[in-house]
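Student: First the structure, then my questions, so here it is.
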Amino acid sequence: MKYLMFVCTDTEPDTDTENEPDIDVWVAENDASGRRLQGMVLAPKSSATTVRVRNGKLLVSDGPFAETKEVIVGFDLLQCADLDEAIEVARAHPMARGGRIEIRPLADFEQ
Amino acid sequence: MTAEAAATAEAVAAAAAESYPRIVGALIRVTHDWTLAEDCAQEALTLALERWPADGVPDNPGGWLMTVARNRAIDLLRRASVEQRKLRELAVLALTSEPNPAEPQAETSEVGDDRLRLIFTCCHPALPLEARVALTLRTVCAVPTADIANAFLVSESTMTRRLTRAKTKIADAGIPYRVPGGRALGERLPGVLTVLYLLFTNGYNANGEPAFADEAIRLARLLKELMPGQPEVPELLALFLFQHSRREARRDAEGRLLTLDKQDRSRWDHASIREAAAILEGTPRSDGPYALQARIAACHATAESASATDWQEIASCYDRLAKTYPSPVIELNRAVAHGYAHGPEVGLALLAQARAGGALDDYPHAVAAEADLTARQGDRDRAAVLFRRAAAVAHSESERRALLERADENAG
C-alpha cells in the first residue's frame, strides 16, 4: 500500500534528546529498502498561500488554511506492506520526536 | 422450554462461544472481508439452533459450524461479481484442508491462532478506543450489536455505524490481520489488556452489562493459554477473578451496592478466589499495574473478615501504584488504605493532599472517604454533615441512600 506521511511540528516535542535519529540515515535506509518513494521539505509556513473559488470568484489569502499551531513541514510517500510497517518507518523519523507524523493511505480506486 | 430444548440451546451457546471467533477469524484471514465473515458465522449459529433440536447436537459442534459457515461464504462469493472471487473461493475451500479448528492440538504454528489474530486486530491502537471495545465484543465475543449499544448508551444504529467505521478503517488504512512479532508484541499487548480491562469494568459497574465481565474473563483465559510467558495476562486474569468472586454478594435484597465490610463473605465465590490466588502465586512478583491491583484485591478476598484485612499490604501496594501510575483516584484509595493501616489522621492528611489539585472536587467517593475517616476519628457530628454532603453529589440513588444512612448513624 502507498501511504503519505505528513511531517508536522508539535507544540510539545519530546524532551528526551538521547539517541536522536539522523534524518540522512533515515532517508538513506528507507530509500534503499524501497519503502520511501519520494519526499520533500516545505518552505516555511509564512510562504503559504490558500486558494479558493466561490461562486466563480477567486479568493486568495495568506497562510495555511488550518489555524493550528502545528504545521506541515514536509512529506514522504511510502510504499509499505501495511499500516504496522508504515508506523515503524514513521517512528524512526526524527520528527516523530521533534513533532508528530500523520500517516494517510492513498485512496485505492481499484478496490 | 423443555429440558431437551434448553440443553440444545446451551450446546449452541457453548459451541458459539468456543467456535465463533475461530470461524470469523479464519474467514477474515482468507477473504479479508469482515462483514462476510461475521454474517457467515452468524448464519451457521442460526442454522444450528434450527437443526440441532431435531437432529441432535453433532459430535464435533465446532467442525459442523465451520463447515456450514465456509459453505455459506463460498455461496456468497460465487454470487458476488468481484474480479478476484475465484481466488477467494479457493482460499475459503482451503479452510477444510487446514487442521480442524475444533481440535486445539491440531493447530499448527503456520496457521497460528485466528482468535489471537482477531483480538490484536480489533484492539489495534489506530482505532478509537471505544471502537476497539465494541469491535472486540461484536467480532470476538459474538455479542449482538443491540446489546453493545445498550451498554454504551447509544442507539443500535449509532453502534452499527461505529462498528462499520472501524471495519472500514481496518481495510482502508491497511491495518494488518496479524499478531505483532518481536518488540511490537510487547508494545501492543498492554493496549489489548486495556480493552479487556474496560470490558470487565463495564460488566462490573453498577449499571453495566454483567455478561461483559464474563467475556473479559473468557478472553483473559484465552490469552493466558495462547500467550504463555506474558506475566501481565495472568495478573489481569487474577484481578478479574478476585473482583468477580464477589458478584453474588455485592448487593442487598433491594439491589443496593454493599461496601466490602457489609458483604456476606460466605457468598463470595471461593473457588474463584482460590484460582486467582494460585494464578498470582505462579506469576513472578512484579509491580505492574495489574499485579498491584490483583495483590490489593487478594488482600480483600482472602481476609476472614473486614477487620482482618491486611491494610498494611494494601497501603504499600497503593504507594507503589501511586508512584508509577499516579491518578487522583489512586491517591484517594491510597489515603483510605493508609487510614485503615495507620489511623484516620494519616488518612485525612493524605486525602487532603490528593484533593489539593481540585481533581476530586464533588467526587462523591472522596467526600464519603473524608466522612468515614472523620467518623473513625471520633468527630461524629462533622462526619454526619460530610456524609450528607457526599449524598448530595452521589451518582446513583442507591449510593445516595446508603450515604444518608451513614449520616443518620453518626447524627445520633
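Quick reminder: no glycine exception, Cβ is built from N, Cα and C everywhere.
Automatic, uncurated: that is what TrEMBL annotation is.
Checked TrEMBL, it gives:
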type	residues	note
DOMAIN	B:20-81	domain 'RNA polymerase sigma-70 region 2'
DOMAIN	B:119-170	domain 'RNA polymerase sigma factor 70 region 4 type 2'
DOMAIN	B:188-281	domain 'DUF6596'
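I'm curious about the neighbourhood of these features; can you describe it?
Tutor: Note on the domain 'RNA polymerase sigma-70 region 2' (B:20-81): its mean pLDDT in the predicted model is 88.
With DSSP states grouped into helix (H, G, I), strand (E, B) and coil, the domain 'RNA polymerase sigma factor 70 region 4 type 2' (B:119-170) comes out at 38 helix, 0 strand, 14 coil.
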Student: What are the DSSP helix/strand/coil residue counts across the domain 'DUF6596' (B:188-281)?
Tutor: 65 helix, 2 strand, 27 coil
